[in-house]
């Protein structure tokens, strides 16, 4: 019985530590694997992801943050969020930033 409890506890610790490695502790946000150009461009990534965060706060829809970030922000939801955040006048700047984040794909 004691061995089973220890094995269960060890398995839980391994899972918790393993999943914690998937999170960026500096920003406490999930590392987006779809954007290959994030490394070296974290400042751009933070500016673009802020649009999705603002949109999620505006609409409060479950899953909206993921839909906005889908395909490294190259989707219709990101454009909707850009308009909802009243930042559509900056669309050309965001297109350049998104192309940088999508570099290498």
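Glycine too: its Cβ is placed from the backbone N, Cα and C atoms.
Going by Swiss-Prot, these are the annotated features:
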DISULFID  35-72  disulfide bond
DISULFID  52-68  disulfide bond
DISULFID  55-81  disulfide bond
SIGNAL    1-28  signal peptide
Of 52, 55, 81, i.e. the disulfide-bonded residues, those within 10 Å of residue 72 (disulfide bond) when Cα atoms are compared: none
Distance from residue 68 (disulfide bond) back to residue 55 (disulfide bond), taken between C-alpha atoms, in Å: 9
Neighbour count (Cβ, 10 Å) for residue 81 (disulfide bond): 25
Site with most surrounding Cβ atoms, counting all protein chains shown within 10 Å, from the disulfide-bonded residues 35, 52: 35
Tertiary neighbours of residue 68 (disulfide bond) (same chain, Cβ under 8 Å, six or more apart): 51, 52, 55, 56, 75, 77, 78, 81
